[in-house]
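For reference, the structure discussed in these notes is given below.
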Amino acid sequence: MARLRLLLGTSFLAVVIFTALSHGLPCTLVYEQQEYDLSSLSAVDHWQVKMTNATGNDTVIYLSVCHPLRNVPRGCSGNDTGACIAKVSSENNVEVTVPNAGRVTSDGLSLHGQLVEYVMGGGDSCPEGGNIYRTFINFICTQTPEEETGPVLMSLTRCQILIAWMTRSACPRRLDVVTDTQCSIQFPSSHHKLHLQTLRAEKFYSASSVQPNAEYEINICGPVMNGSCNRKDVAVCHHPEGRSPEVMATTQNMNVMWGEHETLILTYQASDQGKNVEVIFMCDLSTAKTEVNYMSQNDTTVSFGAQTSAVCPPSANPSCVLKDHVGNVYDLRPLHRQQDNWEVLRSTSDGQEILYYLNICGPVNPGRHFTCPPGLIGACMAGISEHSAYNLGLLNSEPTINVEEDSITIMYNGGEPCKGGQHSYSTRINLICSPDEHGPVLVKETETCEHVFDWLTPVACPRHLNIGSDCRVEDPLYGNVYDLNPLRNIHKDYRVTGEGDEFFINLCGPLVSSCDGQNGTSGVCQISNGQQINAGLSTSQVTFNDGTLIIKYTNGTSGCQANNTRSSQIIFLCDHEVSGRDGPKHFRQNGCSNVFFWKTKYACPSFHVVDCTLYTADGTMYNLQELSSSSSNLEYYTADDKKFILNVCRSVVHQKGSRCAYRAGACIVDRTYHNNSVNIGEVQSGLYLEDGRLMIRYARGDQCVGHERSYQTLIELKCDKDETYPIPQLISEENCTYYFEIKSAAACPVSMKNNTMPLVGKDCAVTSPSGYVFNLSSLKRETDYEIKNQNVTMTLNVCGALNNPECPGEGVGICSKDVNAGQANANLYYLPGHLSLHYTGGEQCHGIINRSTIITFVCGAENVTEGPVLVFDDKYSCIYFITWYTELACEKRISCFVDTWTHRIDLSPLIKSVDNYETVNPENPKEKFYLNVCRPLNPIVGLNCRPGSAVCLSKPGLQGNNPLSLGHPNIIPVSDNEGANIMYVHGAKCTTEPDYNLSSMIHFICDPSAGKGKPVFKEVTHDCQYQFEWRTSVACDILFKEEDSGPQCQIRYDQAKANIDLKPLYRPEGYHVQFRSKTFTVNVCGPACNNSDLL
C-alpha cells in the first residue's frame, strides 16, 4: 500500500491508492473526503515531451499516465512500460534509445505538499554508475485552462527524468459536498443557498402557549433529542397541561419555502391526522441567539415564530461600527483585510494541519496558494482549490456587544451542510477586549459543526470611556473636566414633547415636580395618554465616550413590554454658541427607552474664536461668519483612510470622530488606527490678504515628524458665487505645512464703496444678489390703503392702480385728495436694506415737474407696526416719501448676541420697535444722530432718512432736510475685551472720500450701574466711520449658570451700584399670610401653589 501525502491547509495526509491497471482503470486517489482524479490524463494513449539538440535531431520522451504506453514506436518494450526515450532525425527516422525509462506500478502515485507525484521506476539499466532509469511526473494544480501546460521536461540527469505538469486534474475535489437537502433553499435575488439546518439545536427549542396552556419541544430540520416524546423522528413534541406528551410532527415530511416580506417558512406535515406545524423565520441581523416562540393556531396549523440572522441574505458590507446601550462606540474596521486574510492553523491529533481563513467587515479574499469557495463568506477551511475548501458561514448577521464580558460576538451562519446534511457549518468569533492585538485562535469545534474562535484585540474595547459623578466627568485623553451642573434648574423642570407624549426632565438631581405620585426619585417623567410614567430614576453619573457626554436614567416604571423597566438617555452635543437653557429635544422612542439630544456649550471643552471679518483700505469687506460653525466641522478624506477636520476662525468642534486638541483649527484623524489625531495648527489670528488671496493660518500644531518645526495649515478661501456647500480640498503638503482651498460664496468680497446700483424686477418681485426672491404681490388689494399724516390724507395701492373713483385718471397708484401723486407700476427696486416702488408721472407741480412717490419697504424690528407711513413731503421736488415696514421685505435678520466660552452678551433688549435712540455731537449739538440696535430705524416723520438704515445723521445744511445714512444692519455683533461691537455698513456717500460709503461702529461697554444706558458720539475716523460708545449693563457677562438656574431674582440698588439677590428668601412651602379670614400663600423667587407659576 503506497502512501499519498495531501496538504489540506498546510498538512500532510496519508491516502489510499486505487491501483491503475494496464486496462486503463480509473486513476484516482482518495483520502477521507478528498479525491484527486487523473482519469482524463490516462485516457490518452501517450504523451510526448520533445527536445531539440544542436544537430537538428530531436529527443522524444513518450509518457503514459496510469497505464502502459500505447501506439508508440516499435522498440518501446514491455507490457508495463510507462516511459520510453527515442531520437528522431530531421528525416523523421525514429530510433529508440531507452526502451524502458520507467515501469507502471501499483504504488506509483503519491502526494507531496501541493504536488501529485507519479513515479515510474524499474527501467532499463543506465550506463551512468550502474543505476536504472526512473521517471518522475509532478502534477501541479491550476484552476484556469490558460495555465495548463502539458508535460514539461525539467531535467534529465543521471538517468532520472523529471517532468512538471500543470493541470486541473491535479486539483482535489471534495466527496462530502451536499448541495441540497430538505432544508436548503436559494436566497431570493442571490446565488447563495440558505441551509436552515444551521439552526438545528443539539437537543431542542422550548416554547409555550397560554391559550391553550401547553409546552412545546421543537427542533429545526432535525429530531428532538432527549425530549419528552419517546420517538426518534419527533420534530415537534406537544405537552398539553394535565395530559401526556404527544407527537405533533415528525421529520419525515419537511418543506421549506419563502413567504411574504422575506420570511422563511418551515413546515412539518401533521402526524396522525393532527395539525400541521409551521415555523416562520424573520430576518433580524442583530439576533445573537435564536429563540422559537409560540404564535397562534387554527383548525389546521400551529404557528411558531423566530427572529434570526440565519435567514438574512448575505451582505458584502456588514455593520462594522457598533454602539451599545450606554452609547459606547466600537469600530471593527481596523480588523478588515482588503488583501489576504486572517489565518489560523490547526494541528490535529493525527499530525495533519488545517488552514482557516477569516475576515471581518467583509468576505474572505482569494489566497495566494490556498483559497475559499466563492461568495459572501466570512470564514472558510481553505484548500488549494475552491472545490476542496469548506464554506464556514455567510456574512448575514450583525456583531453583538457583550457589555458585561467586554467582548463582541460575530456569527457567520449558513455554511454548507456537514455531517451528511444533518447540520450546517457556522463560525463564532469572540472579539475580547485587550490592550494588545493577538489575532484569532481556534478554541473548539462543536457537535453542530460550529467553529469557535477567540480573538484578543483592542478593537473590542470602548475607546476614551470614563464615568464621572456629581454631574462632572473628565476627558481621559485631554484632561478637561466637563460640568453639567449649570444646566440644573432648581425651580422648574424642562418640558419636552415627542411622538405624541410629553416629558419633564431635569439634570443632576430629581425632578422638581412629582411623577407618578412620587417625589424626589424620578429624573424623567413621561406623560402618555394622560398617565404619568417614571421614565428613569434621577442620577448624577455622566459618561464620557469618545467626545460625547451621556446621562442614562434607568430603573423606571416596570411592566413595559413584559418585564422591562423604562429608561431614558440624554446625549449632549457640543455647540459653542448654545447655552442649553432651552433644554433637550426628543430624538426617538425605542421600545421602553427614550433618547434625547441636548445641544449645549457645556458639552464643549475650551475653544478659541477669532474675528471672521476683514476690512481693507480700499473699501472691501470679507465676512466669513457663516463658514465658522459652532456645532459642526468641515471634513476631507484621503485614500489611505485619513480624515482632515477643519473649522474656520474657530477651534474644531469636539465630537465623536473629531477629537482634536482644544485650540486646533485643523487636525488629522487616522481612522485605521483607533482614530488617533494630529494637531496640524491652532487658531491664533483671523483673516488676511496675501498677494490678493484671502487666507487664514493655523500655526503651532504638533511637532512635525522628522523635523524641528511644528505643523501648520494654510487655507485659501476662494470666491465662488455658485458654491452653496463649501468642501475643503487638500492642495498639497510641503515642509510640514498643509495647504487647503475652500470655495464659497461667503468668500466673495463686498464693496463698501459708493458704487451700488439698484436691481430692478418686474411683476412686483425682485431677486437679491444672493438669489433670494422678494415678492410683494400679496400687498396688492381691491380696497385701497389710506395714510393720514397731520393735514395730509393719501390713498395708495401696491403694484397696481387705485380703485378710488375720486382720484382722477386711469392707472393712478397714489393720490392726495384729488391730486394724482404718481402712476402705478410693478417695477420693484432692490438696494441693500430695502425695496422700493417709484410711482412717477403724476400731476404737474410748480408748472415744470410732475409729482411722484417713492414707497420703500423695510424689514424692521420683530414687533414693529406694519403698514405705510408718510415720512416726508419734499415740496421742493414734489416727491412724497413713504416707508412701509413688512415681513415680506425680510431676507434675514442678523442675530443680536455674542457668545464666548464664559458668557453671552445679548443685545436684543436694546432693540427698539417704536421710536429710536437719539444723541448729539457734543462739539456741534445741531448734529443729531438717530440709532437702533441690530435693526433698522423706526419711521421718523419729517426726516427722509434712507430706508433700512440703522443710524442716521441730521444736521443743518443737508439738501432737502435729508439726513445721512450711516449704515445698515448687515453684520452680526462681535465681542471685544470690554463688551461687544456692532458695525453698520453701506451708508450714504462719504463727502470727504467720494469712493467710500459712510459706516458706523457702536462699542457696547459693560457698566453694571448704567442700566440700558444710551449711545454717545465719539469721533469720525479717516475712512468715514462714525464711532459711538454705549455704556450699558446689557453688555456685562451673563454667566450661563445664572441664566439657566431659574429666574433672575435680583433688584438693583443704585446707591451701592450693586444687585441684591433675593433668592435666599425662597421657601419650598412659601409664606402664609392671614388677611380677612383668608390665608394667602406667597413666595419669593419661586412658585407658591403646588409648583405653579404663581409667586
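Every residue, even glycine, has its Cβ placed from backbone N, Cα and C.
Here the structure is a predicted model, which means the values were calculated and not measured.
Look at TrEMBL and you will find 1-24 tagged as signal peptide.
As annotated by TrEMBL, domain 'MRH' applies to 25-173 (among others).
TrEMBL lists 181-314 (among others) with the feature domain 'MRH'.
Restricting the average to the domain 'MRH' (318-463) gives a pLDDT of 84. Annotated domain 'MRH' per TrEMBL: 318-463 (among others), in sequence order.
Sequence annotations record features per position, and here TrEMBL assigns domain 'MRH' to 469-606 (among others).
For 610-750 (among others), the entry in TrEMBL reads domain 'MRH'.
Annotation source TrEMBL lists domain 'MRH' at 762-892 (among others).
Look at TrEMBL and you will find 894-1038 (among others) tagged as domain 'MRH'.
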Candidate ranges 318-463, 762-892, 894-1038 - greatest C-beta contact count to the domain 'MRH' (610-750) (under 8 angstroms): 894-1038
Stretch contact, the domain 'MRH' (25-173) with the domain 'MRH' (894-1038), Cβ-Cβ under 8 Å, 3+ pairs: no
Residues in the domain 'MRH' (25-173) grouped by DSSP into helix, strand and remaining coil: 10 helix, 75 strand, 64 coil
